[in-house]
Each structure stands twice: as C-alpha cells, then as structure tokens.
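Asker: Below are the structure tokens for one structure; questions will follow.
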Amino acid sequence: YAVERKIEPFYKGGKVQLDQTGQHLFCVCGTRVNILDVASGAVLQSLEQEDQEDITAFDLSPDDKVLVTASRALLLAQWAWQEGSVTRLWKAIHTAPVATMAFDPTSTLLATGGCDGAVRVWDVVRYYGTHHFRGSPGVVHLVAFHPDPARLLLFSSAADTSVRVWSLQERSCLAVLTAHYSAVTSLTFSADGHTMLSSGRDKICVVWDLRSLQATRTVPVFESVEAAVLLPEEPAPELGVKSAGLHFLTAGDQGTLRVWEVASGRCVHTQQRLPGPGRELTHCTLSRAASLLLSVTADHNLLLYDARSLRLRKQFAGYSEEVLDVRFLGPEDSHVVVASNSPCLKVFDLQTSACQILHGHTDIVLALDVFRKGRLFASCAKDQSIRLWRMNKAGEVACVAQGSGHTHSVGTICCSRLKETFLVTGSQDCTVKFWPLPEALLSKGTGPEGGLVLLQAQATQRCHDKDINSVAVAPNDKLLATGSQDRTAKLWALPQCQLLGVFSGHRRGLWCVQFSPMDQVLATASADGTVKLWALQDFSCLKTFEGHDASVLKVAFVSRGTQLLSSGSDGLLKLWTIKNNECVRTLDAHEDKVWGLHCSRLDDRALTGASDSCVILWKDVTEAEQAEEQAKKEEQVVKQQELDNLLHEKRYLRALGLAISLDRPHTVLTVIQAIRRDPESCKKLETTVLRLRRDQKEALLRFCVTWNTNSRHCHEAQAVLGVLLRHEAPDNLLAYDGVRASLEGLLPYTERHFQRLSRMLQAATFLDFLWHNMKLPTLPMATTAPTAL
C-alpha cells in the first residue's frame, strides 16, 4: 500500500479571512498560514516563516496583493502569497508577541497591536515604522483603521475594555471610548465612515458616531458576542431587513447568526440552531464584493453563507481532533465518513474535497458502519443512542432513523452483511442489542413525513463482564462475534443471541473482532500486541501474529481473505500474509493511535484515521510494484545481453559506459578484466578510460575503492587509478564528486597491497640468492655390472 491522499487539519483556531473575490480563504494552523481554494477546498499554499514559530497574527491587504504574518519569535514577514515567497522580513520591535494587525484602506500602512500594550504603524511600501503609540494597558487585541484614508484615524482596544482613537497626523490619542464592561471583540464601520459598531463579551453592541466620537445607541443582544458585522444598507427580506436603516449581524456563544436593527434595537432574524455542543461561533467576517459571510464554530468548522439569505454554500472541517472511526461511503466508495472527537459526523467527497457536517448526536460519536450497498450507514455515540443515515444520489446525507435503549455509551456497531435488514450494537453496559430495520426504511424514501423512524431493539443479551469493544456480523448474517475488555471473544447465533462458544487466549482486552470473507475463521486484535486467528468449528487458535510493539486496535481481511491489515496504538499499520505468518510490509504515516481502519469494496484501497487528526487513503500498489519489478528485470536481462555482445565485439568503450549506467561494480570489473586480457591491454585501457564522461569517471573511481579492498581485484583498481593519475590534472581530480572520501578509502588498502608486494619481492630475492649460492655435491656414477640371469 502507498499513500494516495491525506485529509489533514488546516485550521486550529484563530483568525480566518476571505480575499475580496471570495475565492481564497486564509487561516492559521500552528506555525503556518494555509490558503484554501474556496471552490475545491484544497490547500493551495501553506506559508511558514523561517523561524518555524507559531503564527500569532496575520492580515491580507485590501488589494489582495500583500499578506503579512507575525510569529512568536517577534518577526514580521511580508509575503507574495500567490508565489508562496517572502519578500521582506523584519523585527516587530514589540517586546512581546504581536496579537493583532490590520491594513489601512490604501494597503500601504499596517498597524500591529502587541501583548506589550504598544501599537505600531508600518509603511509596507517604503519599509519603515511611522508611529509608535503607547498608553494601552495590557494586551492590545484589536486594531482597525478608519475606512476613509483621508481621516488617518486608527482604533485599538486593549484589556481595559475601552476603545482608543489615535490620530496619525497629530501622533496622539484623540479619545478613549468607554461603554463596554468586558473585552471588545470586534470593530466594524459603515460604508460612509460616519458610524462604528463595537461588540463585546458583555452581551451588548454599541453604535458610535465617529464625527462626535460619542455612543449613540447600546443594543443588548443577550449573548456573549465574538464578532459583529454591519450589513450593506440594502433591503434583504430573507434576513428581515425591510427598512433602509443600519442593520448588523452578530455571532456568539449561542451558535446562531442573528440580524439586529439599530434604530429599534430588536432582533429581526435568527438562524435556526443545530443541536449538539461545540456550536458556539468564534469568528465571523463579511466579504462584501463576493456577497459571502464566513463564520467559524468552536470545533473549528468553517461555514460559508450567502450574505443576502444566509443559505449555506460551503462547509469546511478545519480540525478533527482525534479521529475515532472512518468508513467508505457510496456505491463506488466515492465518499468518506469520519467520526472524530465530536458529536458531528463529517462526510468528505473524495473527488471535490467538499465536506458535509452532519448534526444529530448530542455527544461524541464513537463508531460507524456501512451497509453493503454503501448508501445507508449507522453511527453510535456516547449519548447512548444510535442513528441511521442515508446518502442520496446527489451525495447529500440525511438522518433517517434513531434508536436508544442502552444505559451506557454505545462503543461499537455493525450492520448486516447480506441485505439491509438489521444492526447489532455493543455497549459499556456489557450488553449487545439486535435492532431489526423497519419496512419504512427499506423503501427508497427517507422515512415518514413526520420525521425520523424510531428503531426498537428486538433482542438484548448480556454478553461479557466488562465493556464490549467490538461486534462483527458474519458474511451469512447468521453469526455474531463480540470482543471485550475481559480478554475473551464470544460467538453467538443470530437473531436470538444464543452463545455458541468462547475464544480465550489473549492476555489483555480485545479491541477488534472480524470474520474472514472466505473461510470459517475469526480474527481478533488485542491490547497484548498480537492478532490471533480462530477456527469457528472448534474455537481453537490457528495462528498468532506478533510484531506490534503496542496495542492492536483494528484488524481487517484484505486480498480476498489471504492477508490481514492491522493498525496499532503506535501509529503503524502492518500487512500480514496469513499462509506463512509473515509481516510483509509496515506502513508508517500516522503519528498516533490508529483507531479507524476500513477497506474498499473492490479491496484496492484502504482508509485509516488516527488520533493525530489525519485521515489517510491508501492505494494497493502490489500490481504496479510487480509490473515495475518485472520491467526492471527484463531491462537488466536486455542490458546484460547487450554487454556480452559488446565485449565479444571488443567495443570496450560502449561496454564500459553501459556497465557504469547499470551501477554494478562487479559488471564494470568484468569489462576492465576483459580489456586487460587484450594483447594491447595498457593502450586499450588508457584510451577507453580517458574517453569516458566526467560523471562516468567519478563512478569508476568509486568502484575502484570497492575493488581495492580485495587482493584479487586490486590490480584492476590500480590499473584504472594509474591511468587517471597519469592523464588527469590534480585540480581536475580534486573537483570530482566525492574524491576525498574515495582517496581516504583507497590509501590504507593501497599501502597494505604494496607492503604485501614488498614482502613477496623480498622472499623471491632471497630464494634467488639461495639458489645461486647452493653448492650441490656431485652424485657418484653407478659402476656395478648387471647380473647375469
């Protein structure tokens, strides 16, 4: 398997901003500012400063050309963001990190507010600091320029809950506006520049006249407001804006967008509130030119609305925290559903990266499962309930049924395998429930007109003494396996949940049980770091797979039941071949516990989700790898045959070049030996080596180092070295890539070879001396006559 795609977090809280066209979205994610394409949801650029410190503030100029970021290292960076390059980097001069920044309407001045209570103004065109305003107590968390550049006014708010008005011409504070009793969260201006609206966490919004610098109206909004936006002065009947007066929109801890009329101080439109925690709004911004409104929820979801009607246009899931379960959706596995540390489910379209956020559960969703056809899927949560969801042909998902009955968190769920007929759930209350699906659901509709279908449990069985972590339904829908924290797995007959047998042998609790799609075998994954295979006939353990250093959290059968894919709490995935108990591949892409694992219907892709908030799509590359390996082998055979032909024809230069391109020292050695066997070896070797390209000579020098370590091949190495040293200038040799390392490798062995030759020469000379100085006695001649017979 190889990583095909990653769904990673791109926003972890803080400021978000749209450009004037509404095509790009800018948001902070730790040390980076990510730029998203609004149409596709893809991250176009990820900008990180050289100091690699967290980004504390950023702002995009009104002309969309310049982006400035501030890091915790007190450095400001000016970006040409479309190219992803820094055009200028300078020190912020603040003594503490920059908390906020804002451009003036002309895109030439930048104001920064620091945690040191100072406000500084910079000219980003001429590159110098123009103003330094002191006097704000505590952190300056808000700065804004007056929309009329001729007035040269700067507004700031700090920890004392007041708004200060600074004159850039007089370099002084003109006024201190006091009306709020807690932190001011936003400042926004009317189009004519005569009115300012401030919002705060004291549950009021204040309207200010900027000509007299006096508060003209205080509007109680009955919620802690994080952002307020003045709407364009034009009728918008869908928002309740019927008169021509000023209207503003608030976003706060109630989690709904509300429209208020300034003149009467009453709420004229309230958005429908969705259930579940984490719905509080933390940010809201309006792009007037694109008529888009962007709001951000406390659980880092970004919602894009039409500004005139508040119809939802786009949803983005910025950060998923811990991913607890993942599943492929759709008849062709075109979508992915993700359960994270949240009551919301997130459905991603793999083609367009579009995201849907599904609301329904009131507590964290713990597990998911999908029916065979891929359109109907089920979820279970800590709120002790289960829900059934259906995806239509357009890819939109809606809840169609819900059921409750467990007395504790429902931690695992499994759908029937043959048809969409039933669900099985396992809970911390140690029971398993069998839920048949009513006929109303099996029709193509999404349930009765009155609302959701209510599911009723047909059978309940206390199965274990501790939490049930996993349930699995057999491919024939007649058997159920349960795995528990009590270190056992059990087999039950459906639908009455009668006990058939117990699988015991693990030393720790079980996290996952899974039936084989082909054989009568059950796989179990345990916190003891092992995966075991069990026979369903006699409940015996057939195989144990050991290799994980930590708990094994999920296991799945792949390759038509011949292999296992397991995921562990160490972030590793392991692929096992069942036949020989061998771990054939370890995949390391996650940094934390891999809770979710699911394989596609065609068995060619896998999906994993982990506590590092990443969802990774894996592609089976076995066939591609095999084809690549086969092609390499064929190429090697062809080249080897060509090399043999060249040597036979004594075309040594081509042969040597080909051998070097194969990057095989032994093959090159064979060619050198063939050249040295030639009657004119010295001349041939010299002409061949000198006609090589420089990169080929560098490779040949590297090979010489290898040959020189062996006394049998050192002669070839020394012969090549001799040619290079005699005909190459020392400066040229020193310019070779890796020549110093090669010389360090050559010297000790060359010295050893010469010492050996010296000893051999001494011994030969001594032998010659002995031979010449030996005086052999003359042998006596035989004088005896032959005896007669």
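Including glycine, each Cβ sits where the backbone N, Cα and C put it.
Pasting the relevant annotations from TrEMBL:
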type: REPEAT; residues: 91-124; note: repeat 'WD'
type: REPEAT; residues: 133-176; note: repeat 'WD'
type: REPEAT; residues: 177-218; note: repeat 'WD'
type: REPEAT; residues: 248-270; note: repeat 'WD'
type: REPEAT; residues: 358-399; note: repeat 'WD'
type: REPEAT; residues: 461-492; note: repeat 'WD'
type: REPEAT; residues: 503-544; note: repeat 'WD'
type: REPEAT; residues: 545-586; note: repeat 'WD'
type: DOMAIN; residues: 640-774; note: domain 'U3 small nucleolar RNA-associated protein 13 C-terminal'
Asker: What residues elsewhere in the chain lie close to the repeat 'WD' (248-270), defined as a C-beta under 8 angstroms and at least 6 residues from its ends?
Answerer: 188, 197, 199, 205, 207, 217, 219-221, 223-231, 238-242, 279-284, 286, 293, 295, 297, 305, 310
Asker: With Cβ-Cβ distances below 8 Å as the criterion, list the same-chain residues six or more beyond the ends of the repeat 'WD' (461-492) that contact it, or say none.
Answerer: 411-419, 421-422, 424-428, 430-432, 434, 498-504, 506-515, 517, 522, 524, 526, 534, 536, 539
Asker: Please list the DSSP helix, strand and coil residue counts for the domain 'U3 small nucleolar RNA-associated protein 13 C-terminal' (640-774).
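Answerer: Across the domain 'U3 small nucleolar RNA-associated protein 13 C-terminal' (640-774), DSSP assigns the residues as follows: 111 helix, 0 strand, 24 coil.
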Asker: For a three-state summary based on DSSP, what are the helix, strand and coil counts in the repeat 'WD' (503-544)?
Answerer: 0 helix, 24 strand, 18 coil
Asker: When the pLDDT values for the repeat 'WD' (503-544) are averaged, what is the result?
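Answerer: Averaged over the repeat 'WD' (503-544), the predicted model reaches a pLDDT of 92.
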